Amino acid sequence: MGGGRKKKNWMTTRNVLLLIPCKGQVDYGFSLLGETLKRGYDPDLITFNTLIKGLCVQEQIGPALLMFDKMTEKAGIHPNTITCNTLISGLCRIGKVDLALELQKKMVKWNCKPDVVTFNVIIDTLCKAVSVDQALNFFSKMIYDSKIAPNVITYNSIIHGLCKSGRLSEAMRLFGQMSSQGTSPSVVTYSSLIHGHGNSGQLSEAIGLFDQMSSRGISPNVITYSSLMEEACEIFELMIRLGNKPTVLAYNVMIGGFCLTGRLEEAAKLFDSMVDRGLEPDEFNYNALINGYCKNCRLDEAMQLFKKMKHKGLKPTEVSYNTLIGGLFHAGRVRTAQSLFKDMQSCGQSPDLVTYTTMLDGLCKNHRIDEAIELFHSMEGNGFEAHIYIFSILIDGLWKVGKVENARKLFREISNKGLVPDVVTYSIMINGLCKKGMSSEAKKLFVEMEQNGCLPDNITYDTIIHGFLQEHDIENAMVLLQEMRQRKFSPNDAVITLLTHSLSVDQLKNLEFFAKPIND
């Protein structure tokens, strides 16, 4: 009897600890651990892994290593691959790559097999430390000794290291090997190669790579673009000086890159230069710059460019209208957005499903729900079938203006349309019910959701658990929190804050939710 209670109480604490360190509350975790150790409970591997991870995230590597020693030597618990990877990553982050390599060699002692994460972390650290030869040796061991297939992250680390060291021919060989092995290069791969060739004066090769990247439709993200744009600008100018006229697609890549990194003046200047160089901007070039203006809340300039596009005899596409309408709604300029929607129809450009979705979303977010419902019926009258995400937009809009019965009624109409609510629709309904203090109805809907084959996601669990906690319904909240953990979801900060502030450690220990291990 006593042993069972002891195990139950330890599982209580173990599960609470799982929620704490990953949220940056390591001190709380150790306080709780200390309390349980005083009572004679023994921590397990999962507990040690959780605390070691928390320490490593905070770069407290010394205490993490001490905790590791305590686990292996005093508690006699063997680490697993997760334990070792966590420590290796922490050591590499503070530049202790020798200790990381030493730990990697010891993994076999505990029957731990290094995986792709183990190798990637060490290879990346070695490359950044300009120990590329050592990284290449480690790469060979990974493939030939450990029989682990490298992924795009592995290749990117080594290619970047080789390019940084000026070893471009080796980088290109590896680039070729990467493609032949079926691993598609990413924007990071191209960024390293373009930058490396540009720095070494091999601009024709850099131009070729830039063109290849564009033709493959690979669009740099904002971080990569920030580091790539300066190099790309030089390459772009060189193409022009050498008489190699950039294509419309290349201009789109450049304009999109400038817009993405907030360099709108340079994007506009490049756009204007197209005419000077004998290349008329097409609707895609206009759309790229209009999108940039809208994304950066410069709606007046976007509208001016839109008018210029029409004046030049180009017919705006659905993308042109959809981008502008979305930008106008985002800026709260509802009447202008509605006027543009009417202009679209009068110019013979039929709204598509994206247009209607953008209009409905904009109206709902600006609390114009009656107009949204009217447009919804008009859309159906024009032969468009409503998709489930349109119902989700409208139901969310109804909840936000307090039209509870209308939201419920529209939700019930979904099945009459031959549609099935998805996780977003259910989550919106559950959120609305919880905010109105109707958690019992929210729970019924949650059960119905699963019975209908729609599994809740992280947001659904966070929403309903938060609702129960706010109503002090601890029992239901804890049952769902256990279920959430079993499905490998993690509660958000709001749920954890409400949980840890509302309950004492003793209250947490006495809850049935913590009686079973997560893997049971």
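Glycine too: its Cβ is placed from the backbone N, Cα and C atoms.
Each residue of the repeat 'PPR' (44-79) gets a DSSP state, and the totals for helix, strand and coil are 27 helix, 0 strand, 9 coil. Under the heading repeat 'PPR', TrEMBL lists 44-79 (among others).
The repeat 'PPR' annotation in TrEMBL covers 80-114 (among others). Summed and averaged per residue, pLDDT over the repeat 'PPR' (80-114) gives 92.
Per TrEMBL, the feature repeat 'PPR' maps to 115-150 (among others). Remote same-chain residues near the repeat 'PPR' (115-150) are listed as 81, 84-85, 88-89, 92, 95, 97, 100-101, 104, 107, 157-158, 160-162, 164-165, 167, 181, 183 (criterion: CB distance under 8 Å, separation of at least six residues from the stretch ends).
For the repeat 'PPR' (151-185), same-chain residues at least 6 beyond its ends with a Cβ under 8 Å from one of its own Cβ atoms are 116, 119-120, 123-124, 126-128, 130, 132, 135-136, 139, 142, 192-193, 195-197, 200, 202, 205, 218. What TrEMBL lists as repeat 'PPR' is 151-185 (among others).
Taken from TrEMBL, the feature repeat 'PPR' covers 186-220 (among others).
Summarising the annotation, TrEMBL assigns repeat 'PPR' to 247-281 (among others).
The repeat 'PPR' feature in TrEMBL is assigned to 282-316 (among others).
The repeat 'PPR' annotation in TrEMBL covers 317-351 (among others). Mapped onto DSSP helix, strand and coil, the repeat 'PPR' (317-351) counts 26 helix, 0 strand, 9 coil.
Cβ atoms under 8 Å from those of the repeat 'PPR' (352-386) belong to residues 318, 321-322, 325-326, 328-330, 332, 334, 337-338, 341, 344, 393-394, 396-398, 400-401, 403, 417, 419 of the same chain, restricted to positions at least 6 beyond its ends. Sequence annotations record features per position, and here TrEMBL assigns repeat 'PPR' to 352-386 (among others).
What TrEMBL records for 387-421 (among others) is repeat 'PPR'. When Cβ-Cβ distances below 8 Å are used as the criterion, the repeat 'PPR' (387-421) is approached by residues 353, 356-357, 360-361, 363-365, 367, 369, 372-373, 376, 428-429, 431-432, 435-436, 449, 452, 454 of the same chain, each at least six residues removed from its ends.
Beyond its flanks by at least six residues, the repeat 'PPR' (422-456) meets 388-389, 391-392, 395-396, 399, 404, 407, 411, 414, 463-464, 466-468, 470-471, 473, 476, 480, 487 of its own chain at Cβ-Cβ distances under 8 Å. Positions annotated as repeat 'PPR' by TrEMBL: 422-456 (among others).
The annotation repeat 'PPR' is assigned in TrEMBL to 457-491 (among others). In the repeat 'PPR' (457-491), helix, strand and coil residues by DSSP number 26 helix, 0 strand, 9 coil.
Within the repeat 'PPR' (247-281), the DSSP-based counts of helix, strand and coil residues read 26 helix, 0 strand, 9 coil.
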